[in-house]
Amino acid sequence: MEFRIDSIDGNARACTIKTEHSEIKTPIFMPVGTAAAVKSLDAIDMMEILDAPIILGNTYHLYLRPGDEIISKLGGLHGFSGYKRSFLTDSGGFQAFSLGDNVKFTDEGIWFKSHIDGSKHFFSPEKVIDIEYNLNSDIMMVLDDLIALPNTKERIKKSIERTTEWAYRSLVHHVNRGKKNNLFAIIQGGTDFEFRRISAESLVSLEYKGYTFDGFAIGGLSVGEENQLMYDTIEATTPYMPKDKPRYLMGVGTPEDIIEAVERGVDMFDCVMPTRNARNGYLFTTFGTLRIKNAKYKLDESPIDPKCNCYTCRNFSRAYLNHLFKAKELTYFRLASIHNLHYYLNFVKEIREAILEGRFKEYKKEFYSLRAMNSLEI
């Protein structure tokens, strides 16, 4: 993987990441394709209509169904899905954490029961890497020990220690296997700034046979904490992350979350929000959120967002989307998802342009000003 910083404005960064499959201009939003597909969209939509340079797949879900070995036999995620650009795969730690009583964390790894059929499985750091090799993702996340917040200092400390040990085991396994995939470590520590520093410094210091991690992520946020506390935690963490490697904030979030994190030095983002909100009838616009089911759109011939040039806004009206949503037509999910993802992808492109031109603060001020014009659902 190649990485370069193109411009810095304050702490906001515009960078370029090159993998085997694509060039990624940051800040970047990565659509979530949990089961090797972004919900309601296919690879052509992602490449030709949305021009997304990278999407996510999920190790936990793909391991259980259809199985990572099957995907490997069918050409990895790129051959299997038809999406020929970059894939990042999560380790499955968050999904295991979400299983509640059906999961057990030990120093060796994670025992869990499948949400599909109740069968019992074990993820070690090494096994997760092997699964990700079968998926052949461009960027592989290591297994981490994610905990609920708030939590005790003892449990947060244990999470950091275990996450660091698992990261080192992952790095050793990766180097010894001699594969070319890129490996990212995940910083934990809850919302305790000192624990975040310890976690970041511990992970950054890890090396094996001269190899270190290709990038670093901030994990364990956006799990119920107040927004400002999340922003403060990010701000307390990024100074301890290498300047010459990508910085990824996992599972975040709203447009506001993204612009605040960019201001604090983050490069990469993912979240299910654009597609989930689309399916539920909430569409992102320059001025706020539009609830498409509202009766006032029944005869509205205007596009979702007059400032948007996405495929949906160029070709279809609010009235048509209102009808499709109420009729529960499957076409609605595709058109709405295209719009919301375009909004996110275009949003980070605009942020990048502002950074390159040295006007990030002005762009941020304008962003909030436009949303304040109609902060309620329109």
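For all residues, glycine too, the Cβ spot is worked out from N, Cα and C.
Sequence annotations record features per position, and here Swiss-Prot assigns active site, proton acceptor to Asp90 based on sequence analysis. If you look up Swiss-Prot, you'll see Asp270 marked as active site, nucleophile. Residues or ranges marked as substrate binding site in Swiss-Prot: Asp90, Ser91, Gly92, Gly93, Phe94, Asp144, Gln188, Gly220. Annotated Zn(2+) binding site per Swiss-Prot: Cys308, Cys310, Cys313, His339, in sequence order, evidence recorded as sequence analysis. Per Swiss-Prot, region 'RNA binding' is recorded for 251-257, 275-279.
Where Swiss-Prot records a feature, it is marked here on the structure.
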residue	record	Cβ contacts under 8 Å, 6 or more apart
Asp90	active site, proton acceptor	Leu56, Gly57, Asn58, Thr59, Tyr60, Met141, Met250
Gly92	substrate binding site	Asn58, Thr59, Tyr60, His61, Tyr63, Phe123, Val128, Leu143
Gly93	substrate binding site	Ile110, Phe123, Leu143, Asp144, Asp145, Leu146, Ile186, Gly219
Phe94	substrate binding site	Leu146, Gly219, Met250, Gly251
Gln188	substrate binding site	Asp144, Asp145, Leu146, Ile147, Ile156, Ser159, Ile160, Thr163, Phe195, Arg196, Ser199, Gly219, Gly220
Cys308	Zn(2+) binding site	Thr285, Thr286, His339, His342, Tyr343, Asn346
Cys310	Zn(2+) binding site	Ile338, His339, His342, Tyr343, Asn346
Cys313	Zn(2+) binding site	Pro303, Ile304, Asp305, Pro306, His339
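Classification of Gly92 (substrate binding site) by DSSP places it in coil, neither helical nor stranded. Residue environment of Ser91 (substrate binding site) contains 28 other Cβ atoms, counted within 10 Å of its Cβ in all protein chains. Taking only the Cα positions, the spacing between Ser91 (substrate binding site) and Asp270 (active site, nucleophile) is 14 angstrom.
The Cβ of Asp270 has fewer other Cβ atoms within 10 Å than any other of the recorded positions Asp144, Asp270. Within its own chain, the region 'RNA binding' (251-257) has Cβ neighbours under 8 Å at 94, 219, 221-222, 227, 230, 269-271, 273, 284, 343-344, 347, 367, counting only residues six or more beyond its boundaries. Long-range neighbours of the region 'RNA binding' (275-279) within the same chain, counting only residues 6 or more positions beyond its ends whose Cβ lies under 8 Å from a Cβ of the stretch, are 31-32, 38-40, 289, 333, 336-337, 339-341. Here the Cβ of His339 (Zn(2+) binding site) has 26 other Cβ atoms within 10 Å, regardless of which shown protein chain they belong to. In the three-state DSSP classification, His339 (Zn(2+) binding site) falls within a helix.
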